[in-house]
Amino acid sequence: MASTPPQNSKKVRNNSGSGQTVKFARRTSSGRYVSLSRDNIELSGEFSGDYSNYTVHIPPTPDNQPMATKAEEQYVSNSLFTGGFNSVTRAHLMDKVIDSDVTHPQMAGAKGSSCAMPACDGKVMKDERGKDVMPCECRFKICRDCFMDAQKETGLCPGCKEQYKIGDLDDDTPDFSSGALPLPAPGKDQRGSNNMSMMKRNQNGEFDHNRWLFETQGTYGYGNAYWPQDEMYGDDMDEGMRGGMVETADKPWRPLSRRIPIPAAIISPYRLLIAIRFVVLCFFLTWRIRNPNEDAIWLWLMSIICELWFGFSWILDQIPKLCPINRSTDLEVLRDKFDMPSPSNPTGRSDLPGIDLFVSTADPEKEPPLVTANTMLSILAVDYPVEKVSCYLSDDGGALLSFEAMAEAASFADLWVPFCRKHNIEPRNPDTYFSLKIDPTKNKSRIDFVKDRRKIKREYDEFKVRINGLPDSIRRRSDAFNAREEMKALKQMRESGGDPMEPVKVLKATWMADGTHWPGTWAAATREHSKGDHAGILQVMLKPPSSDPLIGNDSDKIIDFSETDTRLPMFVYVSREKRPGYDHNKKAGAMNALVRASAILSNGPFILNLDCDHYIYNCKAIREGMCFMMDRGGEDICYIQFPQRFEGIDPSDRYANNNTVFFDGNMRALDGVQFPQRFEGIDPSDRYANNNTVFFDGNMRALDGVQGPVYVGTGTMFRRFALYGFDPPNPDKILEKKESETEALTTSDFDPDLDVTQLPKRFGNSTLLAESIPIAEFQGRPLADHPAVKYGRPPGALRVPRDPLDATTVAESVSVISCWYEDKTEWGDRVGWIYGSVTEDVVTGYRMHNRGWRSVYCITKRDSFRGSAPINLTDRLHQVLRWATGSVEIFFSRNNAILASKRLKFLQRLAYLNVGIYPFTSLFLILYCFLPAFSLFSGQFIVRTLSISFLVYLLIITICLIGLAVLEVKWSGIGLEEWWRNEQWWLISGTSSHLYAVVQGILKVIAGIEISFTLTTKSGGDDNDDIYADLYIVKWSSLMIPPIVIAMVNIIAIVVAFVRTIYQAVPQWSKLIGGAFFSFWVLAHLYPFAKGLMGRRGKTPTIVFVWAGLIAITISLLWTAINPNSGPVAAAEGVGGGGFQFP
């Protein structure tokens, strides 16, 4: 018998909390805030009925719960919670979050009627539609605080002086303005129609058609809920269809995803060429070792050492590409299994698991708030059951600008999200949508689309103006309040008899819209209000929605949403506590704080993390990922990696920003669900290879056929249970302990060494967090709808509405984001994102694969996510430097793949080994790039003569290289130009960023010198004349020196060798051609770097060329001084006999 999942009820939560103290702040009519602790409340008797004398009935649906619970939920959503180390958690009640009006009822600070009690400026409680809730039949308007006072003191309504009736709130007359009418049951008279309409109303006060059809077998259809008559199809009708809808179990089982192998006509020659090139390479290197150039043994030795390393590096990079695969998903099957109505689910409530979406930002100056707001809007409008989605923004800077920008975004979502649902808008980032250069009416059939779009466009323009004006608005507001405080302090000093000439000392605070101090970072940083020293902050911007659709009407908004669900997902602003003396572990620490806070507030079994400049480009992306997680065998998938796609890249992708060869090539050969990354803001030629198409569409796709793609930082859907550091479930061992494969387990069932007493040591002392772990594991299992599914959950287990938020739960989530919570725990070591590396993403994915999990690479027809990439040369080089430095750290740490466990497959081990080794190739690459110049200066070559053997080996290797490139382009879907751009950027980064990364990594290991990196600046799109204006910006960096020196030395060497050969008595053209060929090979790879260095005319600093020229000339003169042309050789070449002689 399958058991139901454990319910994290409020009663359990309240009784099993970790002792977190909460202070509730109440604003008086004079504007002063009075703080009361829970202990004080209980001692004084005030509000005790609110927090100690209520219980939540099951199921606690939003429209069917006690008045105290509804008041508690509204109080929580209107409060800003703060707390941290050695401080009491406070719930700061806010009647105003932003200066502009707030209309959506889910949002904090939403407008409402005023309380009718004398001397009270509170707001009346609202229902899910934003309408006033009046607990008494006399309809006396009363706010939440006054209601609690009246209930505690007399229990009488202040209006009619009658006793309050505590219970169901659905006693009001139903509102059928949306068109939902009570329908009589077949064969019944009209006398019971009114009762039927009341019984069949859903949580929104509307008539539930699906429920009515199911219970009455009515013939009136609404959407897909059509109930066929028993004899409608005669005797041929399937038994499963008689008298009703088909249960999911009665339908033929179909998989949610499929593996599509690469055609044999492509993959077989590809593998054959790899084998041929490997054999020829071995013979070639053997021949090179056995045939040294004794005339230039130093040149031969340097070249053979470099070639041996390049061969080893090629094996590490190429072998994991032997098993690339493609995958496909079936969204229709996903819909049929999880979202369709059935006799057991007549309303069609979704059985999909919940998902928490994380977005991180740290500095509103480098990461424009408008960019982050657009990202959040695309998330709030995602095509996934609204009640299953929870959005979290981590603001590591604790800036009021970010807070109010997110509040503005939540307010604008009231219009944008229903508009996207009504007209099926793609993409759902408003800035990108309104910037599209295509006909907006294409595939749009609703007659009101043009009118609606015009209205939304105007509202969005006003929204952008408000966002852009927030810095000035906050500054003016703070100046005004600070001036008022100075006047108060001056007046108080005069009244107390102080010296009027003494300057008044008042803190220059940053003020919120409601006239109180911002608890985070102030513009004028001070103690407890700076980026590294502020309290933890948590604000529920949008409270959890109801479980059933909330259909709009044609009167509340400027757009008619009478057929559209107007609910919004839960949205939470989080800024973790920061204090001096604590290592906050940068982005990894911020992500772990979100993991803990979300586990308590929503506990979605899956997590999708995005950067603040990466938005959802395909609104069905989450459903695509769920096809893998919920499919048979999906219980051992730790994450899904999507490709990264960039916009605004120059057409030639000169700096290989797209990385398509890696993402759609190599990753396809490994196997998690990793979504490809696609980027915006890159010039069309992509001169810096920002798109990384070779990486995303090549390497990542190749890894998909082994154990899975590596985790690359953003666009990744995680299984929460895998982030907690557990091994993948072993159904055979677990079923020996349990009677049913669909039974919920405990943490000790997954890790025998982890009993109840060890939970605080691993996860911290939060009881709610520990209780959420087995719940998340159970809800993340695939459906047990097939005999082959050995480890699943029963259908329908996730249709239960989520519990409303209460103050204790939110206060607990504030405590787990405090700076001290991770002390003496395994967070960052085994649990969550791993600390100790600037590339925490790769290490985190490696740890999961090392425990036996696998990952999947998910490429969708429409790009899942898009974002911005560094468009200018300097930012691109620094980005690659950070990645390479992290790889060097991995190589010198215990995360080196050489030390991996047996659970890591051999090809996957090679791939991770290559991740840690590839920066060291720069040491040999730089030397090899100078060899052509040395050859031209000295008149020698890496081989004694250009023999037939050497040329044949070189020809075969080159042909194999070309054939592999063509076939790789075929199976990965990348372009040949993208492949070439990636090769160019490999040499550019290898001679600059990778070299510096090796030096910095070695310094950190040997000397303990820490490395700090700055955020990559996100373009705000200020230059309307040229969207690629940033492309031409040249900012000086020492990273540019090695490539510049290499280029100029090779150019000078070609000129010197050419002049010398011309003036020789017997010109040796073979040596000139051999050396010049390889010099041109180096210069061709450096072309994007040179083009980027030029920028626009007059933009490149002159000092760059002066320094490079001096270094190149110095090296050239040093060489001629070491090896001058003299003696018999010079005489044989005609030097002194009218020929040219080098000075």
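Cβ coordinates come from backbone N, Cα and C, glycine included.
For reference, TrEMBL has these:
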- 1-26: region 'Disordered' (REGION)
- 175-201: region 'Disordered' (REGION)
- 192-201: compositional bias 'Polar residues' (COMPBIAS)
- 272-290: transmembrane segment (TRANSMEM)
- 296-316: transmembrane segment (TRANSMEM)
- Ser360, Lys366, Glu367, Asp396, Lys586: UDP-alpha-D-glucose binding site (BINDING)
- Asp396: active site (ACT_SITE)
- Lys587, Asp611: Mn(2+) binding site (BINDING)
- Asp841: active site (ACT_SITE)
- 911-934: transmembrane segment (TRANSMEM)
- 946-967: transmembrane segment (TRANSMEM)
- 1044-1063: transmembrane segment (TRANSMEM)
- 1069-1090: transmembrane segment (TRANSMEM)
- 1102-1122: transmembrane segment (TRANSMEM)
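Here the features listed in TrEMBL are painted onto the structure.
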| residue | record | CB count, 10 Å |
| --- | --- | --- |
| Ser360 | UDP-alpha-D-glucose binding site | 21 |
| Lys366 | UDP-alpha-D-glucose binding site | 14 |
| Glu367 | UDP-alpha-D-glucose binding site | 24 |
| Asp396 | UDP-alpha-D-glucose binding site | 21 |
| Lys586 | UDP-alpha-D-glucose binding site | 16 |
| Lys587 | Mn(2+) binding site | 20 |
| Asp611 | Mn(2+) binding site | 25 |
| Asp841 | active site | 23 |
Two-stretch contact, the transmembrane segment (272-290) and the transmembrane segment (946-967), at least three Cβ pairs under 8 Å: yes
Between Asp396 (UDP-alpha-D-glucose binding site) and Asp841 (active site): CA-CA distance (Å): 18
Between Lys586 (UDP-alpha-D-glucose binding site) and Asp611 (Mn(2+) binding site): CA-CA distance (Å): 14
Span of the UDP-alpha-D-glucose site, taken as the largest CA to CA distance across Ser360, Lys366, Glu367, Asp396, Lys586 (Å, rounded to a whole number): 16
Pairwise CA distance, Lys587 (Mn(2+) binding site) versus Ser360 (UDP-alpha-D-glucose binding site), rounded so that it is a whole Å: 8
